[in-house]
Amino acid sequence: MDPIRFGLSRVPFAHCYNKRVIFRANYLVPLTWLKNNVAYKSTNTLLLPTPNAEYYSTSKLSSQVNVSLNSLSQKASSGSKIYPFKNSFPLPFSRSILPIRSLAFLKLCVRHNSTVPSKDEQAQDISKINTNGTLQTPNKKVNVFRLFTLARGQGWNFFIAGSLLLVSSGVTMSIPYIVGKILDAGSSGDSSVTHIMGIPSGTFYIGLLGLFFLGSACNFGRIITLRLLSERIVSRLRARLFAKCMSLDGAFFDFHKHGDLISRLTTDSSIVGKSLSMYLSDGLRSSVSAIAGIGMMLYVSMRLTGYMSLIVPPIALGAFFYGEYVRKLSRTTQDALGDLTRVSEEKLANVRTTQAFLGERQEVNRYNDYIRNLFVLAKREAFASGIFFGSTGFLGNATVIAILALGGRMVAAGDITVGQLSSFLLYTVYAGGSIVGLSGCFTDIMKGLGAASRLFELLDAKPKIAPTVGIPVPVTVGKAILSFRNVGFAYPTRPSASIFDNLSFDIHPGTNVAIVAPSGGGKSTISQLLLRFYAPSSGKILADGVDISTYNVHQWRSHFGLVGQEPVLFSGTIGENIAYGKSNASQEEIEDAAKRANCSFVLSFPEKWSTQVGTRGLQLSGGQKQRIAIARALLRNPAFLILDEATSALDGEAEVMVDKTIQSLMHNRSMTTITIAHKLATIRRADQIIVVGDGKVLEQGSFERLSRPGTNFYKLMRWQLGKVEP
């Protein structure tokens, strides 16, 4: 933005070589490289000619940029407004002519984002994703039998748990019958009961105590077995899901947010594991108890059982509809929980940006909206559960009252004894409780099916780029000519916004090729296509005439080293991050790669190579993270080295030192270097420059040829250097 137009004071943080920013400053405040105090404060006109000034000494580090800059700017016609690429939006910078104070700090360089589509384009793309997305699988109903496939190989554990369940349930269901016999013996009129069921009373009660101990022991064993079985299933399921995620291509992660995938790996897998163990066990126990209870009720009195059976159809029908409702609601709830996890992960990861723009209240309100949605779903389930279980409880209690009334008449008529009526009532309570429990287990299993549908979506996802399928990559691939032939590409989430259209060029082995394009022109997309994170929509990418899509992806990527513009580090030590690309690397190799990438700062840390970098490397500066990323790439000694604006996060001094390392690598003709950059100092060292714009190659050639007036490269460099006002 133009600070003059909006009446703002601008405080840019810039590298010393970024004179397009520095020349517009009214005041310069250079910071020393070794200290955090201000070295000088003056206007740029006073600092530039002073050899002892900090700005002068640091600006000399990029003198090679100035040579090319001056050679271009001297040939330019003043006042011309040239910007050669459509669909790109240059920012309206202008030289300050009004007395507005601004400061330039020589530290940080700001990169502008790419073209943003219109709202209509975004809506059109989203509608296509929802209807035609190749990775958006429909919400299929998962049957119980497929759910059991997740527990494959656990048959022996299920057999043990089932056997223990039968024994413990048998002991439990014998209690009403035994109680009835004790009551009949006590109501016989004999003052001293010596035998119960033909067994001496003392022996009977000791045996009864032993029976209860057996039931408790079996119940203990069942719970332990099923808990371990549940954790085993969940652990194996999570490992399988995570391995599946690691095998999917970039298009999948464009469609599915990380927070939703984390929710599937954690919450959904836990629900499914419990459904296959604890809930299934409870359901089996309720089934056994209900069947045994009804059988004993028939044995005691078929007449009372006939009256009792009138309650079964409405309860069974209600349980079926309730279970189906909960299954669908569970799927919706798990989706909402996945959205909540996604938002939490995204907002917490960018909390500093939120705080910098005072967006705390906005983000809290947005998070509360997701919580409110989840609460509404939980409230719907609560009302449904209350209606179902309240109704079944009322019907059960009403049935008990009816049984008492009818049973009392039958006792008075002498059709049954008091003990038999007591046993029947206890069996009624047991059977009724088991039926209600069975309904609850059915509900929990339906929840498991809802969660399982999300897991099977992930397990059934088929990437367009299979990681382990394809022919072996020849060992001589490092000397191959890489060719783009009429390549067309659009990101899967935005199929209507074409990035490339008939893109064609060659990269010869052992050369240093620079890819140049305006912001949003597809520079980084070329590296993603080369690494096969995505597949071209049309055309082919060849290696010595062989389509790289026929190669094994893992083997193909093993020949590449990548240094991205945004360094990515993992939690762990510095040494572990450098050795990430080569797990068997020795300490010597790690230190050598770090030395070549100018990671001398590691030796200043107390723990040196064992220093923890923190989550995503937050304990290191941007430049330190970038140099570790460079060392990680160099450790592999790749045949193809992709530098995607690899020095963008470094300060001037560190960049020059790393550039020397990269420059020495470029002289190594056994390695092909593909540089994606916008800095003139990096571009001018390339053997070949490929200028990309409007989805195709506009021109290619050497720096000397393309830097002539009239070329697209010349116009782009003039705009980047601030010599042309857009």
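Using N, Cα and C of the backbone, Cβ positions are placed for all residues, glycine too.
Pulled from Swiss-Prot, these are the features on record:
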CARBOHYD  Asn66  N-linked glycosylation site
CARBOHYD  Asn113  N-linked glycosylation site
CARBOHYD  Asn132  N-linked glycosylation site
DOMAIN    158-447  domain 'ABC transmembrane type-1'
TRANSMEM  158-178  transmembrane segment
TRANSMEM  196-216  transmembrane segment
TRANSMEM  306-326  transmembrane segment
TRANSMEM  386-406  transmembrane segment
TRANSMEM  423-443  transmembrane segment
DOMAIN    482-719  domain 'ABC transporter'
CARBOHYD  Asn502  N-linked glycosylation site
BINDING   Ala517, Pro518, Ser519, Gly520, Gly521, Gly522, Lys523, Ser524  ATP binding site
CARBOHYD  Asn584  N-linked glycosylation site
CARBOHYD  Asn598  N-linked glycosylation site
CARBOHYD  Asn668  N-linked glycosylation site
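Location within the structure of each feature annotated in Swiss-Prot.
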| residue | record | DSSP class |
| --- | --- | --- |
| Asn502 | N-linked glycosylation site | strand |
| Ala517 | ATP binding site | coil |
| Lys523 | ATP binding site | helix |
| Asn584 | N-linked glycosylation site | coil |
| Asn598 | N-linked glycosylation site | coil |
*Considering pairs 6 or more residues apart, do the transmembrane segment (196-216) and the transmembrane segment (158-178) have at least three CB pairs under 8 Å?*
yes
*With a Cβ cut-off under 8 Å, give me the same-chain residues at least six positions beyond the ends of the transmembrane segment (158-178) that come close to it.*
151, 208, 211-212, 214-216, 218-219, 221-222, 225-226, 229, 281, 284-285, 288-289, 292-293, 296, 422-423, 426-427, 430
*asked:* Counting other Cβ atoms within 10 Å of each residue's Cβ, which of the binding-site residues Pro518, Gly522 comes out lowest?
replied: Gly522
_Under 8 Å by Cβ from Ser524 (ATP binding site), same chain, sequence gap 6 or more_ = Gln565, Asp644, Ile676
*Of the recorded positions listed here (Gly520, Lys523, Asn598), which is spatially closest to Asn502 (N-linked glycosylation site) when Cα positions are compared?*
Lys523
*Do you know offhand how many angstrom separate Gly522 (ATP binding site) and Asn598 (N-linked glycosylation site) by C-alpha?*
30
*How far is it from Ala517 (ATP binding site) to Asn598 (N-linked glycosylation site), counting Cα to Cα, in Å?*
28
*Rounded to an integer, what is the Cα-Cα distance in Å between Pro518 (ATP binding site) and Asn598 (N-linked glycosylation site)?*
29
*asked:* Say we define neighbours as other CB atoms within 10 Å of the CB. Which of the glycosylation sites Asn502, Asn598 has the fewest?
replied: Asn502
_Least surrounded among the recorded positions, given as Ser519, Asn584, when other CB atoms within 10 Å are counted_ = Asn584
*Within 10 Å of the Cβ of Lys523 (ATP binding site), how many other Cβ atoms can be counted across all chains shown?*
23
*Around Ala517 (ATP binding site), how many other CB atoms lie within 10 A of its CB?*
25
_Please compute the mean pLDDT of the model over the domain 'ABC transporter' (482-719)._
82
*Check the binding-site residues Gly520, Gly521 for other C-beta atoms within 10 angstroms of each C-beta and report the one with the most.*
Gly521
_Quick check for the class: what is the C-alpha distance, in angstrom and rounded, between Asn584 (N-linked glycosylation site) and Gly520 (ATP binding site)?_
38
